[in-house]
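Going by TrEMBL, these are the annotated features:
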- Cys30, Cys31: Cu cation binding site (BINDING)
- 1-26: region 'Disordered' (REGION)
Amino acid sequence: MGNQVSTPMGMGANNLKDPSPTPAAAPKPCCVCTDEKASRDKCMLFSNAKDPLADCAPTIETYKICMKGFGFELP
């Protein structure tokens, strides 16, 4: 009990390698920037402008900047 951490036999603390980030630990694109994505989608879906892409450019750019912060490059 207490604050002890159990390790498999033969694996002491000195034998452990530095933990490196695993692909499973990295965020998925679908799970980050959800508010920005919702705002972008709402703008594109419900824009009455002749050119929704131009009308929604600021929200699209905000989404791209957010995604870039998590390491995702968008075109």
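Every residue, even glycine, has its Cβ placed from backbone N, Cα and C.
Any TrEMBL annotation is an automated prediction that lacks curation.
DSSP gives Cys31 (Cu cation binding site) a helix state. Over all protein chains present, the Cβ of Cys30 (Cu cation binding site) has 8 other Cβ atoms lying within 10 Å.
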